[in-house]
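Asker: So that we are looking at the same thing, I have put the structure below in structure tokens.
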């Protein structure tokens, strides 16, 4: 067992994420004896093709980079033409447009400033494509627009048809050899025994092969449809546009030329376009051109290309080219998808299949040699070796077919493919449960996660925020009702209220937009919406509060933890408003607004009172934000907002309730041996209050501020990290450092959540990156392995449940399949050595192979998770896949089956008093029937590897019930009606009862085996002195 583990670790060990090409090539070269390379490696990427694609991508990126850098040479470099005359066709004129689609696309892709000016800039372009900056396009002419300017899709490789999967299944070398044997058998049989009797053996093998091929192809085709469906879900990206005069959220595939797109930080640009207006827009063009330096977009440099990402700022752009008319579309269409990296389990099971296959090949060869030697000796002693007949040729062909069929059964081709089947099933179920798995390995790895580093806002909490308390002019008030708002209005001066509202409405990323139905709604982040809606509650708003002109905007930044805006005032002065993390803003202030609305110096006593107020709000689990302002005479376009000299206006206490079910989910994590760590940008007191409420933080656990964590030495980090449960005011780099150390120092399997652009490095570094589907940016989602569509922590636990289910289900299937392998190999080999014939024929072995391979995988690899899976510790890195418990069950069941089948083979006729000319056929049929029913009941046994009650949950698993029923029905048909093809004879009811009875004893054997104690590597004594408690109920048995 140790040798098997060491061999698998040496040759078949790959990391779950970002495996090196060397590791991938190592296991591929170690794989031997593959029956059907085309099918086995269907889901494995072609590394040579991947290298070619990468080289091609880099070549195209280099062309684009040169075109962007050397604008004058762009036309000749990319198109090889000095000048093009673009003609406006009748179709374009009839549709009401006045610019050629190719000319419009070339202006943006080639950064052609001269051509843009010639057409009147972005404004002129908008008129020529019948769009306006405020109204957008009209949905009524969308089809016409898409017919002229194209749709926003690039050419993709067509899906594989069902018959391609049939062809793949037919590539199995052993099945091809068996087909040749069947044809030879049929020809020889016709010559010796005539029509139709001579056809039976050969036709039986061919029909069996066709059945195996069709069942395999159907299973593989269904898997491909599931993956296609999931792949389509991954590509569903929605963006905000202005269309028909209202703000709408549409799919990127519905985007058309002329649409007004709203871009914000973290978005992927969905099409080529021209900048209209915005604030501090920085575009990362590395995915397109390979250049790592971001590009600042402005009126002077208005070109925005599809496939690039918004690194900072926000803007509106008008779409000028979509789909295959963009450089991104052309780049994507030239590249194949390359396949997804294989998962660690797939690789490991390829290793197991290789080892078992070699053993099977040895047994098959020995079986054929023994059968041939016995045949030649008997022939030499009876008629001599000089006389040969057609029946002798038929016998040799049948011996060879039996040996090949042993290889068919012995090489567990279905092991690595069962992982794919199980993962596809789990991914589909998780999609229903609001988790989109982007990478196969993530679903598998999540089952081993020992730590989850989670955000607070929106993941543990509902993200439905409201302003609950406010501190202003040294007055602290609860503002949950209209009466309290009126009290607040009377307590502060009109000048202070005006300043507060101006700060709310000017310094915000939220905005009021018109929906399709004419209703107005507030768009923005939950925090921004909460403050904006709080401002809207006051009526009688002065006009001047909204008429200030924004001069400069600094969007919220997760590193600075603040946002700022500069507005021009009527008196010629300028006013900075800043809003952000309370401690940071208070530190920037040296003045405050007093009760009379005057700016007064901030004394140390007042500063202490303010900090006490912040801590008081935070202790009530409220998110705290401060608003401040500073008036200036002038400003520098290139300089950031000031960091001192501000006047404090107010402190907001924002309520964000805990999500329902989070407490139970955290409790389930603790039972499962998973440590939950909260990593948040919020105030430490707010974080601690929420962490205690949901059960993350308990006595003895550590909560730490991000700045304190950053200052720790590696030795101090090694000591404190295992105790950390809350990290507050953290930067994205802190999250990355925590994840790196948990994986590197402690060997933990780490899952981490993230939603912002700056979370991408941590999501990439973690074993499982979980991006938020609602709050998450496209950059975060692209770096993640799983997208949590409802941003709910409970969904994350569900991913862990299914991850564990996948791992355990594959263990169940391996246990079941290895038992069949061992019994089929030994019984045929021993029988060949002793009796000179194999009791299980080629047709029978093909049926057994289908039971244990395709049907067995469907039955066992698709078991849904149960609660017990979350009551055991996670599987650590490097633990053996085939455990001692599995070996106990495999060896025990194999011994029982070998004893039963051996007794039937050598003493069955005598014990059962079976006499007559067909006694040998009856006993061989009984052996085959008993063997199949042993597998049917062992399949039920394999549902639980450690618990005696194997029937729990079976009734609700219709797939399992259906497969068992189909297996039994087919077995009855084979025995009773297809004897001429399967070499069986009908059995009487007593022998049927005996077959089923012998098979059902497997359940009793399984229960006895599970009472034999086995030490487990990750077992922890459950009670004092190492004694485990007695089962507390039927669920523990």
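Backbone N, Cα and C atoms are what each Cβ position is placed from, and that goes for glycine too.
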Asker: Any idea which of 133-152, 153-172, 173-192 is down as transmembrane segment in TrEMBL?
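Answerer: Checking TrEMBL against the ranges 133-152, 153-172, 173-192, the transmembrane segment one is 173-192.
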Asker: Any idea which of 770-788, 789-807, 846-864 is down as transmembrane segment in TrEMBL?
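Answerer: Checking TrEMBL against the ranges 770-788, 789-807, 846-864, the transmembrane segment one is 846-864.
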Asker: Same-chain Cβ contacts of the transmembrane segment (846-864) under 8 Å, 6 or more residues past its ends?
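Answerer: Sequence-remote neighbours of the transmembrane segment (846-864) are 178, 205, 208-209, 211-212, 215-216, 219, 405, 408-409, 412-414, 417-419, 421-422, 425, 429, 805, 808-810, 812-813, 816-817, 820-821, 824, 840, 931-932, 935-936, 939, 942-943, 953, 957, 959-960, 963-964, 966-967, 970, 974, 982.
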Asker: Which one, 355-377, 397-426, 818-840, 885-907, 958-983, has the most C-beta pairs under 8 Å toward the transmembrane segment (198-218)?
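Answerer: Between the candidates 355-377, 397-426, 818-840, 885-907, 958-983, the best contact partner of the transmembrane segment (198-218) is 958-983.
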Asker: For the transmembrane segment (885-907), which recorded stretch in the set 355-377, 397-426, 818-840, 919-937, 958-983 gives the largest number of Cβ pairs separated by under 8 Å?
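Answerer: Ranking 355-377, 397-426, 818-840, 919-937, 958-983 by Cβ pairs under 8 Å to the transmembrane segment (885-907) puts 818-840 first.
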Asker: Which listed range (397-426, 818-840, 919-937, 958-983) shows the maximal number of Cβ pairs under 8 Å with respect to the transmembrane segment (355-377)?
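Answerer: Going through each listed stretch, the top one turns out to be 397-426.
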Asker: Pull the DSSP breakdown for the domain 'Cation-transporting P-type ATPase N-terminal' (116-190) and write it out as helix, strand, coil residue counts.
Answerer: 48 helix, 3 strand, 24 coil
